[in-house]
Structures are given as C-alpha cells and as structure tokens.
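Asks: Below you'll find the structure I mean.
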Amino acid sequence: MTHPFPDFTAPAGPARIGIGGPVGSGKTALIERLIPALTGRGISLAVITNDLVTDEDAERVRRSGLIDPARVRAVEAGACPHTVIREDPTLNLAAAEDLDAAFPGLDLILLESGGDNLASTFSLDLVDWWMFVIDVGQGDDIPRKRGPGIMQSDLLVINKLDLAPYVHVDAAAILREARAIRAARPVLGCCCRPYGRDGADGTDGIDAIVDLIDREVLFTRAARQDAG
Amino acid sequence: MTLLVNRLLGTLADPWLGEAVHRLEHRGAVETVTLPRADLARRRLRLRTDRGSDLAIALPREVALVDRAVLLLDPDRAVILRVEAENWLRLRPRDGAEALSLGYFAGNLHWRARFEGGDLLVAVEHPLATYLERLRDRLAEGRVQQVEQAAG
C-alpha cells in the first residue's frame, strides 16, 4: 500500500487523539472499531489506556487480535482519572514518547481515559484533538447537562444508538439536541456493537468518525484532496 | 489545494520576515487565519484563512503557536496567524468571605481566571450567558457584582 503521508509526517511525529467519557459509555469498544478502520486506511497506530488501578482495558485491547499487543500501553491513573489526562499528564506523555521511540513511522496514538464524569477534559499538551463518548443508556438528558466533556470536546460521540428504543430514548432527538447545544462543534452517533448485526453494512457510524479524524487531525492525502 | 504547515518561520517581529510580509501586503497577497487564544496550545489544526485557503497545521511538540506567527511565506503569498482578542468577565465580590467562595467556585468550574485589585476576571471562552447562568444567585443576591466586560 502507498503510504498515505508521502510528504508530511516526519517533523511532527504521531498525532495524538484523546477518547474520554463516563464509565461504560463504550470508549474501549470504539477503539476496537477504530483500530481496523484506521489500519485499513494505511494508518500506523498505537493505543494507551488509562484505568483506575488495573490494566483491564489495555489487556482487553491486547487480546482483541486487532493490534500487535506491544503497541498497547497501560497507565494506572489512581483515584482521579481526569488528573493524568489534564492536570499532570506526565505518565501519559512518557507512555506516548515510549511508543513513538519503539515504533518509528507511527502516525497516530489513541489515548483512552479512565472512565470519569461529564467534567473530564484532556490537556492540549497531551493530545492534539479529543472526543467525548456518551451513550443513550445514560438517559436522553445527558447532553442537556452540559459539562466540559460535552461542551469542549472536539467531537461528541453518542454511542449505542441501536439501543435507544429499549431505553426510551429518541435517537434522532438526542442527536438534534446535542448539536444545538454544541453549536458548530461536531456530534456523531454510532453503534460500536450493532445489536443483531455485524456492523459491516456501513450504518454504524464508524466510518464517519474516521473521516472526521482524518480531515481534522491526520491530513492524509485523501483528506487533503477532499478539500478541493 | 490544502496548504501544509509543519514549522513556524518566525513572527512579524523578526525584521526579515516583517519586511517580506510587508512587501506582499502591498500586492494584496497576505492571508490571515484567526484563532481563539485557548487554541494556541494545539499542534494540529485544520483551518481556513480569511480568503478561504485550506490550511493543515502539524507542528513538532516543542513548537508553540504564537500571535503574529508567519505560517507560510513564498514569493506569491504569506499566511499570518492572528489571535482573537479575549473578553474577560470582571466580577467584584461583596466582601472577603464572598471572594473566597467565588474563587473556590470558579476553580471548581475550571474557569480560567486572573486577579486585578479585589476583582476576579474570568476569561470568556464560551457564550457569556453560560457564565452568568452559573453566577445567577450570587448576582441576584448582590454577593457579586458584574463590573464590566473588557477586551484584552
């Protein structure tokens, strides 16, 4: 495959994207969908997971068979998961630098935060761009509650849209409301594990997320040609 | 066509750059791109200049964007970065107890703040109404006074 960055990656090093959001919203599931989607576009990537006091998420990604386990690092955040992605991201910066050194030519590092509430944000010293993942199972009022994660993220992802009818949520309405609250900032819906389907029919929203990542952060040849 | 920026050439304060950009200004060949101050910490951005040119910026980690940075310079065009003027919400607490309480409250909400005399100044990075909504009870009860909203 022709490398998608013929003239652009060397000086800047790999891009770093943060993925935050409450416990159980589907951050790790989203990573499991992003890995093959990005790899399929020729992107060389690695993953850093943050857990409270274990390496549960890292182990899950390592065992997924989707990525070389050596490309997955775990950071144990301790009691306050937001602290290591915002106030003092030293541990995550070190993990990112280790991966950068270990895998020359890396294009992208995904940093998953330990689950937290609606207030968690990423330091821009750590990541270039970050998304916040919520899901319909938390209730249709989550976007209205705002909070820094909802309001300040570069992308708000609303996951598990396929479960909306079972939890009394109007999927179209929660997307519409979130877009109104965030004004110009993007909101995308997805189903990381489409119930009863394999997700291969292109209606799960994953491609739209990858397209946005490419356009806003990776700047592959395809994304630059899209600009006209 | 997307313009790629992976280094900063310098700023308009650098004499040789300032003069080169000035010459292009006479030919109407200088484009600007404007950023909120909060976005200066970013290393990768996709932006449009005031003339609609598409810009993809990917800087090394040790490089930081600054106001008046020269992003691109060639014989026919220059692209300059400008930082938006910041608005500050100036809040005057009624007394020392309220000053402590207001400072704790602003910190809890992660508002970017500075101090001037006895006032707390909050950087307005979101619609002003969202700040005033959070302060509604304090303002209504006279515990805090909104003095002015200053650009700076």
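Cβ coordinates come from backbone N, Cα and C, glycine included.
TrEMBL does not curate its annotations; it predicts them automatically.
So TrEMBL has the following annotated:
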type	residues	note
DOMAIN	A:17-187	domain 'CobW/HypB/UreG nucleotide-binding'
BINDING	A:Gly21, A:Pro22, A:Val23, A:Gly24, A:Ser25, A:Gly26, A:Lys27, A:Thr28	GTP binding site
Asks: What is the number of other Cβ atoms found within 10 Å of the Cβ of A:Pro22 (GTP binding site)?
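Replies: By my count, 19.
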Asks: Quick one: mean pLDDT on the domain 'CobW/HypB/UreG nucleotide-binding' (A:17-187)?
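Replies: Looking only at the domain 'CobW/HypB/UreG nucleotide-binding' (A:17-187), pLDDT averages out to 90.
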Asks: What does DSSP say about A:Pro22 (GTP binding site): helix, strand or coil?
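Replies: Assignment for A:Pro22 (GTP binding site) reads coil.
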Asks: What are the non-local neighbours of A:Gly24 (GTP binding site), defined as same-chain residues 6+ apart in sequence with CB under 8 A from its CB?
Replies: A:Gly115, A:Asp135, A:Gly137
Asks: For the GTP site given as A:Gly21, A:Pro22, A:Val23, A:Gly24, A:Ser25, A:Gly26, A:Lys27, A:Thr28, which other residues of the same chain have their Cβ within 8 Å of the site's Cβ centre?
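Replies: Other same-chain residues near the GTP site: A:Gly115, A:Val133, A:Ile134, A:Asp135, A:Asn159.
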Asks: Among the binding-site residues A:Gly21, A:Gly26, point out the residue whose Cβ has the most other Cβ atoms within 10 Å, with all shown protein chains included in the count.
Replies: A:Gly21
